[in-house]
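Asks: Got a structure for you, written out below as structure tokens; questions coming shortly.
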Amino acid sequence: MEQVFFHLHQRSVLATTQALSRTTRVRVEFFALAFALLLFGAVLTLHVLFVSPRWPSTCLSAALNESFAGGRPPRHVLQIEIELDEPPHAPILEDAVAAEDTFFFNEELLPVETARSCAAQANYVSEAVELAAANPELREILTSCHAQMPASALPEDRLVYLFSAEKGYLMLAPALRSRHGISTQRVRLSLEDTCLGPPLVRQLLRHVVGFDTVVMNWIIHAKMRLGDDGGGAPGEHAFSGRGGFLYNVQNAEIFNLNYASEFLSYTGDAPKLALFKLGVLFTTLFLFFTTTTLVSFTLRETQERMLRFTYHLQHHVRNDLPYGPLVFTHVVESLVFVPIMVGILFFLFEFFSDQLLAFLVLSVVWLCEVYSVVAVRTSLSTRFFPRIFFLYLSLFHIYFFSFPYGFSYLALAACVAFLFHAVTVSWNRWEVPALLNGQITIDRPRSEIPWYGQHAPARPASLIPGRGIVQQSPLPGAG
């Protein structure tokens with residue numbers, strides 16, 4: 001197996017040196033570092049502006065303070081509109097009228113049959129609004145009305161978010177909310193408003209990051225400033241209770257903000273904050289070592305079985321032996337790893353509560369493990385890469401668990417960019433020269449690791465610092 005990895009490494013080095021000169025490879029290394037620092041700066045800036053509780057005010061709080069000061073608490077549903085092409089103006093707070101929300105059910109933009117069908121389905125729902133949240137079938141009926149709308153039926157010049165303490169309120173059309181006495185309050189914001197940060201930040205939000213995380217943190221900060229329970233009984237108004245739900249009208253995505261109150265209670269005082277940070281640290285270490293160990297084991301076992309299958313298949317073909325049972329046996333043995341991979345994914349789903357983010361994290365670990373096994377061969381790379389991988393991925397996990405409503409995807413992108421820079425440094429400065437200078441050969445595929453002893457067998461580097469992958473056993477019949 002080690003010979004297969006070495007030949008793959010050798011071909012990769014030769015292809016890289018033929019396609020890219022040394023100067024070009026150095027430029028790629030510096031460009032990777034510059035891009036990683038740029039992403040890190042973007043994460044830091046957005047976090048300070050929108051996630052950090054020390055920021056003095058938000059667009060939403062500025063509008064709601066006037067409402068609470070006048071003795072008018074927010075309505076049952078808070079509608080937040082970010083106007084993309086409007087001139088700058090201060091946040092406007094007004095009561096929304098159901099008839100004005102024509103972009104939900106606009107007969108000029110929707111087929112008449114679709115509009116009537118949606119109206120009939122909405123009328124079919126029981127007079128009790130809470131059924132929309134309790135019954136998944138009824139909720140699906142109501143959300144299907146939004147799914148049937150063409151893109152032209154939604155506003156192109158603004159982004160619309162709905163927030164309420166009750167999830168069922170968000171599932172209802174504006175006219176149906178009005179019929180049941182569910183009032184709506186609208187906050188209109190301009191993209192050019194200074195509370196959205198400098199112009200560069202506003203363009204970054206509009207074209208790259210999006211406003212979902214920003215609006216979620218606006219609401220969380222508003223609940224903090226207006227009181228832990230919003231000053232009312234559950235269901236009384238949008239900020240009553242200890243949580244809530246945010247609905248993005250454009251992509252019909254719902255965000256659960258109920259964990260925000262629990263998270264804020266953990267960080268309220270020094271002892272709880274210390275315990276919370278300690279829990280984040282232990283969770284990060286547990287996730288890192290568990291994920292890398294499972295990925296390393298799965299990768300090693302699947303590669304060994306594939307190589308063994310190839311060897312036996314060639315033997316059967318050359319000797320004109322039936323290979324049907326061999327293929328069947330290999331498929332059955334390989335199916336054992338399917339539940340392992342599915343189990344790893346579901347294991348990560350429980351921690352991240354975001355399937356796409358969990359899959360991306362697993363993909364990053366898998367790719368780095370492949371690079372570590374194939375290309376990390378010199379003693380300097382063996383010392384450097386596993387530790388830098390541990391540092392970067394641990395920092396991402398610490399950020400994610402410390403700020404669950406932060407810019408997690410952008411933070412993961414910054415982590416990947418720094419890892420790519422580490423790969424280019426290891427590749428350009430140690431691996432390529434070692435192979436070209438003859439320090440790494442087929443007879444000596446890996447440099448000896450000093451702390452294993454001078455006569456210890458060379459082992460592939462693992463992503464777990466200070467640990468090597470068990471040396472591969474020889475294939476049957478191999479000399």
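Yeah, the Cβs are placed from backbone N, Cα and C, and that goes for glycine too.
According to TrEMBL, the protein has these features:
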TRANSMEM  30-50  transmembrane segment
TRANSMEM  274-299  transmembrane segment
TRANSMEM  326-349  transmembrane segment
TRANSMEM  355-377  transmembrane segment
TRANSMEM  407-427  transmembrane segment
Asks: Look at every Cβ pair spanning the transmembrane segment (407-427) and the transmembrane segment (274-299), keep those 6 or more apart in sequence, and say whether at least 3 of them are under 8 Å.
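Replies: Contact between the transmembrane segment (274-299) and the transmembrane segment (407-427): absent, because fewer than 3 Cβ pairs are under 8 Å.
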Asks: Where else in the chain does the transmembrane segment (355-377) make close Cβ contacts, counting only residues six or more beyond its ends and a cut-off under 8 Å?
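Replies: Same-chain contacts beyond the ends: 5, 8-9, 12, 291-292, 295-296, 299-300, 344-345, 348-349, 385-386, 389, 393, 396, 408-409, 412, 415-416, 419, 423, 426-427, 431, 434-435, 440, 445-447, 460-463, 469.
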Asks: Which residues, given as numbers and ranges, are at least 6 beyond the ends of the transmembrane segment (30-50) yet have a Cβ under 8 Å from it?
Replies: 58, 197, 201, 204-205, 209, 213-214, 217-218, 403, 406-407, 410-411, 413-414, 417-418, 420-421, 424
